[in-house]
Amino acid sequence: MVVGVHRPTQLVIDRAALRHNIHAEVERLDQGCALFMVVKANGYGHGAVQVAQAAKDAGATGFCVAILDEALELRAAGFNEPILILGVTSPADAPLMAAEGISATVAATDWLVDAQHYLDLAETLSAPLHVHLGLDTGMGRIGFRTVPELTEAIDFLGDHAALDFEGIFTHFSTADSPDDHYFKQQVAKWHALTDDLPVRPRYVHVSNSATSLWHAACNDNMVRFGVSGYGLNPSGTAIKPPYPLQPALSLTSELVFSKHISAGDSVGYGATYTASQDEWVGTVPIGYADGYERRLQGFHVLVDGQACEIIGRVCMDQIMVRLPHDYSRGTTVTLVGQDHGAEITLQDVADYCDTIHYEIACGFTGRLPRQYRN
Ligand SMILES: Cc1ncc(COP(=O)(O)O)c(C=O)c1O
């Protein structure tokens, strides 16, 4: 996708905020507990390579991604730290992952059997494939669910030198909720599955941001820190974080056009907005092709710090906003971030869209340039 560098609309990512959040968490961890920064989905829309560098500078010692291509992007950028792929990969890629020192999540023994087959076929193997066994303690997504299944996988790993049992983990589905009932059930299941492990691998991990922030006693010796590294509260607003999180992402643009319309004039596709009085209307070059959702009609942006309603439907590339008075072309428009003491957070945008800030951040498309500060 082409990047819109000749358009005034951009994501601004504050590296100092990333470092602040990640360093604050590194400082809270017990000694010997590693922080792996989760940079999947292009670093939750913030730019994977730039976030990885900021995370490394702040004390992260590894990375988590969702797919092999994201791991290869980090290797190509020169990162030599451990990288764990959290999703299920193809066993045919086992030799490539072994060669690149990229760790695979394994959710079933037949995957190990198939991977071993491909490793046998590889002409030379300079290193074993590092494997983290994923346990399903209640997330219901991927992973081993019973002790016999898990024992079979561990036995298979023990019998095959090309496979290195590097880690074991689970993922909690409600660690961001004030109600810890289901969380406790998952913890109990985790203990039932792992308390009598015949071998303890190097990394034992259960914590996403929410678990590390609010249930740190569970952490063991590694955390997979994602959304809070970006300065976002995993609970939305339900639980207060133990330290102030600094949102790293802003989205800004400029007015490219303004006009005066009369009572009765309509604006946008479907003519869904009709002015009830004479008013000023500005146009901002951003739309749903940038990940600025169509559902945001009726929400607001900051024009020179003033909240202005989005009127008419969000178009593919442009939105129209009602202005309190005329503003000159080039006036700053803030869609996410602060201006003159006013603020629109990703949480505000997500609330309006009836979703979570994760989805809004990941949804910003490659057409938006990412500018890095600090
Ligand atoms: C297995 C796993 N671990 C960790 C994370 C990071 O979660 P968070 O961004 O809430 O910290 C994710 C994110 O989806 C995940 O799927």
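Cβ atoms are placed via backbone N, Cα and C, with glycine included.
Taken verbatim from TrEMBL:
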type	residues	note
ACT_SITE	Lys40	active site, proton acceptor
ACT_SITE	Tyr269	active site, proton acceptor
BINDING	Arg141, Met316	substrate binding site
DOMAIN	248-373	domain 'Alanine racemase C-terminal'
MOD_RES	Lys40	N6-(pyridoxal phosphate)lysine
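Features as recorded by TrEMBL, highlighted on the structure.
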residue	record	contacts (Cβ under 8 Å, 6+ apart)
Lys40	active site, proton acceptor	Ala48, Cys64, Val65, Ala66, Ile67, Glu70, Leu86, Gly226
Arg141	substrate binding site	His171
Tyr269	active site, proton acceptor	Gly312, Arg313, Cys315
Met316	substrate binding site	Gly287, Tyr288, Ala289
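For the domain 'Alanine racemase C-terminal' (248-373), the DSSP-based tally of helix, strand and coil residues reads 23 helix, 51 strand, 52 coil.
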